[in-house]
Amino acid sequence: MRARRGLLRLPRRSLLAALFFFSLSSSLLYFVYVAPGIVNTYLFMVQAQGILLRDNVRTIGAQVYEQVVRSAYAKRNSSLNDSDYPLDLNHSEAFPPTTTFLPEDFTYFANHPCPERLPSMKGPIDINMSEIAMDDIHELFSRDPAIKLGGHWKPADCVPRWKVAILIPFRNRHEHLPVLLRHLLPMLQRQRLQFAFYVIEQVGTQPFNRAMLFNVGFQEAMKDLDWDCLIFHDVDHIPESDRNYYGCGQMPRHFATKLDKYMYLLPYTEFFGGVSGLTVEQFRKINGFPNAFWGWGGEDDDLWNRVQNAGYSVSRPEGDTGKYKSIPHHHRGEVQFLGRYALLRKSKERQGLDGLNNLNYSANVTYDALYKNITVNLTPELAQVTEY
C-alpha cells in the first residue's frame with residue numbers, strides 16, 4: 001500500500017516540477033520578448049567579456065612565446081663570438097608618432113577645404129546627461145545666427161569637407177532628443193562640417209522599424225541638398241570625444257565602438273549598431289537598409305551583411321575615440337523581432353529586393369528650429385518583397 005502511494009506521489013511531484021519550470025521559462029521568454037533592450041544589454045556584456053578574455057589569453061600566449069624566443073636567442077648569442085650580431089626584439093622600423101591635430105594658431109582660409117583634424121577638436125567632451133527641455137535648447141542655440149531653420153549649419157571660415165545629413169529614428173523619446181542636440185550640434189561645429197538634422201518619427205500601432213525610418217530619412221534629406229555623407233544616429237547615443245570625426249570615407253564607418261552600457265567593449269566583431277556612416281554612393285550601392293525588420297534587433301546585422309556583400313569593409317575609430325554614453329531609458333523599449341534570424345540567413349538574396357527600391361511612404365514634414373521632423377505611419381504593405 002505504501003509503495004503504491006509512493007508511486008502516485010512521484011508523478012505528481014514530477015508534474016509540479018514540470019509546471020514550475022514551464023512557468024519560469026515562459027515568464028523568461030515573455031520578458032525577453034517585451035524588454036529586449038535590457039536582456040540584450042546583459043547578453044552583449046557577457047559576449048564582450050568572452051571576447052576580451054579570449055584576446056587576453058592570446059596576448060599572454062604571445063608574450064610567453066616571445067620570452068621563450070628571447071631566452072633561446074640569449075643562450076645562442078652568449079655562445080657566439082663578438083663578430084656575431086645578436087637579435088634585438090625591441091628594434092622597430094616604425095616611425096615616431098607625429099602630432100595629427102593642427103596647432104592652436106592654425107589659420108583658416110575661406111576658399112580652402114576644412115581640415116579633418118582641427119585644433120578645436122580637443123578630445124573628451126564634458127557630458128551632461130541631465131534632462132533639459134527643448135525650449136531651453138532652442139534658447140541656447142538661438143544666439144548663433146549661422147544655424148538656419150531645420151538645424152542647417154556650415155562653416156564660414158573654410159569649405160566643409162563633407163555635407164552631412166544626420167538621420168535620427170524616433171518614437172516617444174522626447175526627453176532624449178534635447179540631450180543629444182546639446183552635445184552633437186557644438187561637436188559638429190567644431191569639426192567644421194556642413195550638416196542638418198533629420199528626425200524621422202514613426203506613428204501608428206506597428207512595431208518600431210528603425211531601418212525603414214532611415215530609408216525614409218534618406219529619401220527626404222536628398223530632396224533638400226546634395227548631401228554626400230549620411231550619419232545614422234540613435235537618439236540615445238552621446239559621443240564622448242569630438243575627435244570622432246563625423247565625416248565619411250572610402251569605406252562605411254562604425255562610430256559607436258565602445259558603449260558604456262556594454263562596459264566599453266565591442267559586443268562582437270560584426271556589431272554595427274548605434275551610430276554608423278556611409279556615403280550616399282555607398283548607401284545606394286547596398287540598396288539602403290532592409291525594410292522587413294519590425295521590432296527590436298537584426299537590422300544592423302543585415303546592414304553589415306549588405307556592406308560585406310557589396311565588397312566594402314567597415315572602418316572604426318582608434319582607441320577610446322569611439323566611446324559613447326547611453327541615455328538611460330525611463331520606459332519599456334520595443335518588442336523583440338523574433339523573425340530576424342530567418343531574414344538574416346537570406347540577407348544576400350534579399351539585398352536587391354528589400355531596401356530603397358521597394359520603399360513606399362507618405363510623410364508629414366514640419367520644421368523645428370534645430371531639425372526637420374518627418375512623421376510617417378509605417379506598415380508592412382508599404383515595402384512588400386517579391387519572392388526570392
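Cβ atoms are placed via backbone N, Cα and C, with glycine included.
For reference, Swiss-Prot has these:
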| type | residues | note |
| --- | --- | --- |
| TOPO_DOM | 1-14 | topological domain 'Cytoplasmic' |
| TRANSMEM | 15-35 | transmembrane segment |
| TOPO_DOM | 36-388 | topological domain 'Lumenal' |
| CARBOHYD | N77 | N-linked glycosylation site |
| CARBOHYD | N81 | N-linked glycosylation site |
| CARBOHYD | N90 | N-linked glycosylation site |
| DISULFID | C114-C158 | disulfide bond |
| CARBOHYD | N128 | N-linked glycosylation site |
| BINDING | P169, F170, R171, N172, R173, F208, N209, R210, V235, D236, Y264, W296, H329, H330 | UDP-alpha-D-galactose binding site |
| DISULFID | C229-C248 | disulfide bond |
| BINDING | D236, H329 | Mn(2+) binding site |
| BINDING | G298, E299, D300, D301, R340 | N-acetyl-D-glucosamine binding site |
| CARBOHYD | N360 | N-linked glycosylation site |
| CARBOHYD | N364 | N-linked glycosylation site |
| CARBOHYD | N373 | N-linked glycosylation site |
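The recorded positions shown are C114, N128, D300; of these, the one with its CA atom nearest the CA of R171 (UDP-alpha-D-galactose binding site) is D300.
In sequence order, D236 are the recorded positions from D236, D301, N364, N373 with a C-alpha within 10 Å of the C-alpha of R173 (UDP-alpha-D-galactose binding site). By neighbour count, meaning other C-beta atoms within 10 Å, the densest spot among the glycosylation sites N360, N373 is N373. Within 10 Å of N209 (UDP-alpha-D-galactose binding site), as judged by C-alpha distances, the recorded positions found are E299; the full candidate list was N128, C158, E299, D300, N360, N364.
Neighbour counts were taken as the number of other C-beta atoms within 10 angstroms of each residue's C-beta; across the binding-site residues R171, R173, H329, R340, the minimum falls on H329. Cα of N360 (N-linked glycosylation site) to Cα of P169 (UDP-alpha-D-galactose binding site): a span of 17 Å. Around the Cβ of N364 (N-linked glycosylation site), 11 further Cβ atoms fall within 10 Å across all displayed protein chains. Most Cβ neighbours within 10 Å among the recorded positions C114, C158, C229, V235: this distinction goes to C229.
Non-local neighbourhood of Y264 (UDP-alpha-D-galactose binding site): K258, D320, K323, each in the same chain, at least six residues away, with C-beta under 8 Å from its C-beta.
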